[in-house]
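The structure appears below as structure tokens.
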């Protein structure tokens, strides 16, 4: 059986899109602080997170079907396929970073429309997906330039936040994949292992909400109120997205050990 199949490529593109959306979600806070509408920016951020989470749930049955089709030598084949999918997460995150400056400008307009349209997300999407909306969006597209790193200092990088977000991203990236692989390692407890994926992703989401999001949100508020410089929020956001790349790379190392840990953990349920 071939490792790279049409279905694997489909899931690869799906994960690429999911991680691009999650990376670009960080642009909403930058945009909100830029135009002074933090609450509206948070609303747009929540929409993007919900879309990415829902998309992640949609791809899970397709990923699970890879195991059903693996046949003989499933551990080796599925292991290679899942590593390729994790690579898709890395590519998607890098794509999100490349598009970040463009989407900061794009989301700034979207947030203004959201605030001016009475908080109607539907109206924002209707304008955004119109013919004129596409033309306007294309005018904002630009590749990152060397000027984007102007004013950079190492002291602007919140190192603890980088490590925390990297670990959380790695857990979230392999949550479903390690759980499915654990089902192959312990076939007699495969259902228990697969169901554990929801718990793992739930814990990762909770850690993100407790340790990462509040710090970035408070910083965005301070910038909007003029208490701190915009450059601090900019480099905190850059820290977050680069730590996401590091997290997806760390996920390659954690994938198999994570699967064995889940397989062992299922003994206690």
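One is the number of the first residue shown, and numbering goes on along the chain from there.
Positions of Cβ are set from backbone N, Cα and C atoms, glycine also.
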According to Swiss-Prot, which of these ranges is transmembrane segment: 31-51, 52-72? 31-51
For the transmembrane segment (31-51) and the transmembrane segment (105-125), decide whether they are in contact, meaning at least 3 CB pairs lie under 8 A, counting pairs 6 or more apart in sequence. yes
One stretch in 1-21, 84-104, 192-212 has more Cβ pairs under 8 Å to the transmembrane segment (245-265) than the rest, namely 84-104
Based on Cβ pairs under 8 Å, which of the stretches 1-21, 161-181, 192-212 lies most in contact with the transmembrane segment (84-104)? 1-21
